[in-house]
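Taken straight from Swiss-Prot:
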type	residues	note
DOMAIN	334-542	domain 'MCM'
BINDING	384, 385, 386, 387, 388, 389, 390, 391	ATP binding site
């Protein structure tokens, strides 16, 4: 414990602290009712004041009170008196030496300042906290000058008592609307501020009774201190539970530890990875037993810089690393090589690997005139036979970056994937809390969703997340919009568990059309026996098992690309570099502070690439003229542009050239041919993905027209089923076509079946 003497502290540091505060105030560096005392910045001004940092960590409460007093003095000296000064609070920013993991916060940290990082596991609604209770004596009277006198002694006395609420649980229970003088004294003594207030003359005589104060003793029962709602100070407070991120766990196999945080002066924060600076507090856990729960009291919390931004700063500070990455980017077929290395556990499926690799790089930041961001993420769906390795791919990508997240629909709920508002017991009583799901946790990353088709109820939750990249929750007085700007990498098996070669791919995808159409790329991965590929896969699996059994596995896990050793770390650096900072203009130092990805130079479409994409789009659209099915829509055009941008960034180029457009078109074209091909017409039909192919719609229209024709000629307004079949087969429809059409038209509400063998129009 650092020794502390307030007088000595003030003698050494008061003038320095006041000088620093005045400079900050002159630059208008105050946020609402919070003044952020930036310790790092203070020490840059006064390098010989390192002890201030140590004292803030060891005795945050006492130092906070002193700095608040100094702040008020500095403010008055600069701007004069201001009633709003009473509402000001001090928040410590950038302390050094108190960084901890959540799992490291223990009993020895009680009453000390700590700094830690974590994910918001759940967050309650914002409530009002009585921060400073102001009481006035009911026996004070006004004098002729507008001041106050004691009713019994007629001596000046404003009868005011201020009680700061520091420990919500031990002090809050004594705060009532009305207190007796004895209760006031007991509270102030328990808070250990009695002597200081007596010394300053801020205790009314009826509270600080002397032996000769008979007049007060006689009337003590009549004297009450009434809580003044107008002069008392209330602040926002939010209770949240923050969990240690897996990437910061000493042992990722153990359950992640979490801690309760009470955040003051907050408008409300419900999701994200956050940095917290606060004081470790305790509250009674078992009545009459000295066992306590630990919680954090904080008024400083900040959304953490994403892993992406942190790594960008590391890259920008390392010229040698930048040179290596740029050299890698110039290598021939570098995208194919890194794509295979990214998912090296699986043999083959090069196009799928490339698409997933590009997905991690993301497209360019672009905004509409009203400021609405355009989606830069690519959504990918893998539909695979068993044994292909879809779960392996998803888990590999989920482990790639901290903001990537994995979930399997077999064990997840819709709310667990998006977000839920639920009623739970909290430290301050039962209340509604927001629990962010996988899509929110994967903000700025990739949400890897396995076994997508296991639970159909989950799919309706996923649709909004993919469509708007936000999650809306509105329940229990909580109405928030949570960010879910993530790419989606989903996987499932075909409807019957394995692909049926007698059916088209789209007929075997058990996903609602609105959700299916949100995927930019849909890859059917079939397990087709082939001697050559089977031999390669067997060799690959055997070699992998041999390598992982050796002591030099980590060395063997790296690959050599023309003299450059690429391991997992360098692969991540390359993706981050391509994603964010390959195109930073002249002064890189500008981005070492508050790094903003949206201000980076992003690749632009060259005329050649633009013409190539436009030509492909128009040629495909032309195939859909007349009664032909539509092979492509504007949604696929946007997907092509995104993928072309990703490919250009993967080459570390600031231009989307014809090679990028060619790759993007080939990937989209390959997916369309596998998924949207209609064997009946021999054409690509996007309506197959949307739900009903044109060929099927034409058959249903034909059956409906037949029913209309028959009904118009009959008095009972009903069409016999036999006659419907007879006329339908006459124009080339099969019995199955008619059965399917009747079933669909009935579900759609176009026809009804009043009695067996007859159909009528609705």
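Here the Cβ of each residue, glycine as well, is placed from N, Cα and C on the backbone.
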What is the Cβ neighbour count of residue 385 (ATP binding site) at a 10 Å cut-off, with all protein chains included? 16
Restricted to the domain 'MCM' (334-542), the mean pLDDT of the model is 84
For the binding-site residues 386, 387, 388, 390, 391, work out the Cβ neighbour count at 10 Å and name the residue with the minimum. 387
Other C-beta atoms within 10 angstroms of the C-beta of residue 384 (ATP binding site) total 23
What count of other C-beta atoms do you get within 10 angstroms of the C-beta of residue 389 (ATP binding site), across all chains shown? 21
Chain-mates of 384, 385, 386, 387, 388, 389, 390, 391 with C-beta within 8 Å of site centroid, ATP: 491, 493, 525, 527
